[in-house]
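In what follows, a structure is listed as structure tokens, so that the remarks can point back to it.
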Amino acid sequence: MKLTTFAPEFAEALPILEQIEAAGFEAYFVGGSVRDNLLGLPIHDVDIATSAYPAEIKQIFKRTVDTGIQHGTVMILDHGNGYEVTTFRTETGYQDFRRPDSVTFVRSLEEDLKRRDFTINALAMRADGEIIDLFDGIADLKAHKIRAVGVADERFHEDALRMMRAVRFESQLGFSVTETTQAAIEKHAALLEKIAIERIHVEFMKLMQGIERQNGLRTFIDTGLYRYCPDLADQLLALERLTALPTEQLHDESAVWLVVTYLLGQTPAQAGRFLKHWKSANDVIDAVKAGLVLLPKLLTATADQWDLYQAGQAVLVISLQIAQMVTTATIPTADWLERYDRLQIKQKADLAINGQILMQNGFQPGPILGKALAILERKVVLDELPNTTEALLKAAK
């Protein structure tokens, strides 16, 4: 197969390939960018593989940065954008089931592609658009299949995170893992315990945010991968409920964790501990905990202005999305958003009075002043007082 037109990302990087080839070496676009181009999807990162060793690349180009030279990767800065170029390599020994114990630079593209995870990611493209497909990756693209390169057992022993990548690609691309590859995942699922939680987190989040979330979740469950993720080992029923939800795509990380923790039946405190185990960011944890307070009130239509105010707009939006997913009842989303918009204040700083003004009018600093401000804040939110300095001062006195 030969492409006659190039995506802009490839066109911009072509001078890199041409300069390497002019020096007598091979160079190709490789990996996910080639796959996504063939699928008509947006290209995010352009990866280049070459037969030139790092020292040779640094002789060819004037401006380079050693971003991962021990693994053969050099960033080239000569043509505006930074492009990472990696020498063809083989890898041996995977004591931690994630990183190779040793890397050997080679001159063979085939040897380099053999070590890649899936056939759809083991594609290379020449500067003239010719696609190099040594493992039937194009056929698998057309069949919407995710198949390990070579022996699946070996690929997952080399890097156990690849098992999570498989189910993530199912979700992102709407593909299906082949029977042989799925059997290997089931066989080696326990190796996932060797992988850093942060890396599992990234893949799980991409799985949950994909266009075919149910596909990825189904394999995630059927292979037993879930048993080796933080606090999910005994949560099969909740995960099954997750697969049964409507297919609406989730874009926000907080929305993902809100629906997960809600279906797990967690309290805000339990969710906080759960998400700490998953190494989630503090702002995500805070949003999920707030969502777990608001969500049941949206489902029962019992939320008042104070509930909406405490949650804030961002939490309200994700809570409404999840509410629509977890119930067959109609959720009046527009009405809830309108009620939020009508709030006199959206945050404490919007209050027409503050501690300084109160002290100027006879209040002493201390707990009483803080309590007075809290009472005024609540009364304004609940429309029991107008948000004017005059009215609030009068009420405070």
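Cβ from N, Cα, C; glycine included.
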Listed co-binder of ATP (same site as Gly32, Arg35, Asp159, Arg162, Arg165, Arg168, source Swiss-Prot) among Arg107, Arg116, Arg218: Arg116
Pairwise C-alpha maximum, in angstrom, for the residues (Gly32, Arg35, Arg116, Asp159, Arg162, Arg165, Arg168) that bind CTP according to the record: 21
Residues that sit under 8 angstroms from Arg116 (ATP binding site) by C-beta distance, when 6+ apart in the chain: Gly31, Ala122, Val149
Euclidean distance between Cα atoms of Asp45 (Mg(2+) binding site) and Arg165 (ATP binding site), Å: 17
Subset of binding-site residues (Gly32, Arg35, Asp159, Arg162) lying within 10 A of Asp47 (Mg(2+) binding site), CA to CA, in sequence order: Gly32
Gly32 (ATP binding site): tally of other CB atoms within 10 A of its CB: 17
Coarse DSSP state, helix versus strand versus coil, of Gly32 (ATP binding site): helix
